[in-house]
Amino acid sequence: MAIIVDKNTKVVVQGLTGKEGSFHAKQCLQYGTQVVAGVTPGKGGQVWSDDEGKYNLPVFNTVEEAVRETGANTSLIFVPPPFAADAIVEAADAGVKTIICITEGIPVRDMMYVKDYLKKEHTDVILVGPNCPGVITPGQAKVGIMPGHIFKPGSIGIVSRSGTLTYEAAYQITKEGLGQSTAVGIGGDPVPGLTHKDVIEMFQEDPETDAILLIGEIGGTMEEEAAKYIKEHVNKPVFAYIAGITAPPGKRMGHAGAIITGGKGDAKSKMEALREAGVIVIENPALIGKTIREHLSNPEVMAEWD
Amino acid sequence: MKLHEHQAKEIFAKYGIPVPEGKTAFTLEQAKEIAEELGEFPLVVKAQVHCGGRGKAGGVKIVKNMEELEEAVSSLLGKTLKTFQCPDGKPVTRVLIEKATNIDKEFYAAVTLDRSKSKPVLMASAAGGMEIEEIVKENPDAIIIETIDPELGLMPYQARKMAFKLGLPVKETAKILLKMWEIYRDLDASLVEINPLVLTKEGKVVALDAKMDIDDNSLFRHPALAELEDEEQLPLQEREAKKYNLNYVKLNGNIGCMVNGAGLAMTTMDIVKLAGGEPANFLDVGGGANVEQIANAFRILMGDSDVKVVFINIFGGILRVDRLARGIIEASKRVEIRVPIVARLEGTNAEEGRKLLLESGLNIIPVKDMWEGAQKAVELAKNAEGSC
């Protein structure tokens, strides 16, 4: 099962012929993901090959054609920021139900319109990102830019606003002898597709996920909203790490969305809300994997969730 | 990107939002000319800095004659203004000189993004003049909020409703609020704020202050706005970092951090603090850090005299750690590094990377995880401070 992507995922890469698109399409193919097509307007009819000539994919002018010809059901977007909103809407209008947008630097206004449009016209479309590493279901499909080898099939679901921090956490979990059901990078932008809450809802319903790790950071109120949901609906153990306890207000910490504004979005209030919802908040980021293993192997602790 | 008050007011005026009559001076001579042009006293001299709390810090002065004007302008121009929000201060390179307004009542109004709804909101309060943070904390109910549908935009009824609630002249106020939305939308603003929006004794509604932030990601379609950026308002190292496409934020500690990825960079600051130290900065060298970027990052960190030790925290993913280690060695040859370096390298080919560093003969201390690295860095920083 897992969530969002699995062995039945068939990927069309929008922006396949660009440098990023080419590099990561190859990485996804090497991982075993079914990448079936690429879209680059004006290059339809060409055949894309990776730098070693190992993989070949048909390139289409439109997503619509790619879907019709190859049965692609998931789009992976590497289109540059000025054109990314257009690419997302094109994928949705072409009937793609899962859209994963890697692009960093899309204007907030564009994403606001896109999100509003999807909410009104395509309620069944899942948008992950933008400004995210993508989604991986270890052993089944990697649809994104994460290093596949640090992930191992397992039962911990990860949802995170940060790329490298996801890798860090996944690596720690893997080193502890555990693995991940699915890891979802929801991205660091102020207007994301899926939110923490959305993904936690999916993990709660996923029989292959036994525990959930939420990686949050300063800015916005997504973690607080997730906490509210967890309190009311989640009976699986949830762990959380929140980055940015030392971040000063009003300063953007790399991610467009990582900023404390108007007295909202600091790490402390997020941690408090999560703790209040029964989440195990991990304060030392070097101990994410260890804390999870210790809790999951302690029957007394686990009894609390039964 | 932040705009200055005078820049925001010029945009307001263009859209038809009433602002006090005034002009911006970069020199004392210009200031005097402007005062003569305005032809009356009292005038208000306002330091133009990207920082709140300006009034309380003496950055706004009311002057009754030319002599007072000269004194006020001289006391501000070329000086650094420290406010509670910016304890390190911001340079004052320009002042806005305006006709004084007879204030009857002060209000707050802003258009910004409600991130939980992914929609813009119009917010207003009768508790004007206070920072929004204070209003939120002390009396959140005093804030009136109207959610804006992105497709429809702010509807006139919403603007009227708000004006009625605030008890302001409805027609004038609604027009101002609608224009604020138009500015927000047209210019890809992330914030359009008027604080205070005032009702004058003459019964007019005027934007006494103006604050605008523009979405950096949208600047490709607003070249004219991009040119308004006043880089001098950024700390020197942040300006340098921007040139090299590095994400850097100066903090007050003495442990320089160099990390790949924004989330891990924040985490590194946090773990330094957890280990009992103080981070000197946030620095994200990007997911694919190369030799050039590492060298530039070192240059910036070494430019901060507070830095007593550098803590490198790299998680190599697709980017191999051995290659990164070579980058660090190469960069350390190009930039003089006067402090010890604690390096935590993890991920693909980490073993090889650590070995390379050990054999390089550089003052680099490899550590096996983030926690050990943070503790080591804190220890070294304390030793360095102690020996001074």
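Every residue gets a Cβ built from N, Cα and C, even glycine.
Look at A:H255 (active site, tele-phosphohistidine intermediate): DSSP puts it in coil. Taken from TrEMBL, the feature active site, tele-phosphohistidine intermediate covers A:H255.
The CoA binding site annotation in TrEMBL covers A:T17, A:G18, A:K19, A:E20, A:K43, A:I102, A:T103, A:E104. Around A:T103 (CoA binding site), taking its Cβ as the centre, 25 other Cβ atoms fall within 10 Å, counting all chains.
DSSP assigns A:Y167 (substrate binding site) to a helix. Around A:Y167 (substrate binding site), the C-beta neighbours below 8 angstroms that are at least 6 residues distant in the chain are A:P133, A:M146, A:P147, A:I150. Residues or ranges marked as substrate binding site by TrEMBL: A:Y167.
Residues or ranges marked as domain 'CoA-binding' in TrEMBL: A:4-106.
Cβ neighbour count within 10 Å across all protein chains ranks A:K43 highest among the binding-site residues A:K19, A:K43. If you check the binding-site residues A:T17, A:T103, A:E104 against A:H255 (active site, tele-phosphohistidine intermediate), the ones with a Cα inside 10 Å of its Cα are A:E104. Of A:K19, A:K43, A:I102, A:Y167, A:H255, listed as recorded positions, those near chain B by the criterion of a Cβ under 8 Å from one of its Cβ atoms are A:Y167, A:H255. Annotation for A:G18 (CoA binding site): spatial neighbours A:T40, A:F78, A:V79, A:P80, criterion Cβ-Cβ under 8 Å with sequence separation of six or more.
Residues A:T17, A:G18, A:K19, A:E20, A:K43, A:I102, A:T103, A:E104 are the ones the record ties to CoA, and the longest Cα gap between any two of them is 24 Å. Using a 10 Å Cβ-Cβ cutoff, A:H255 (active site, tele-phosphohistidine intermediate) registers 28 neighbours.
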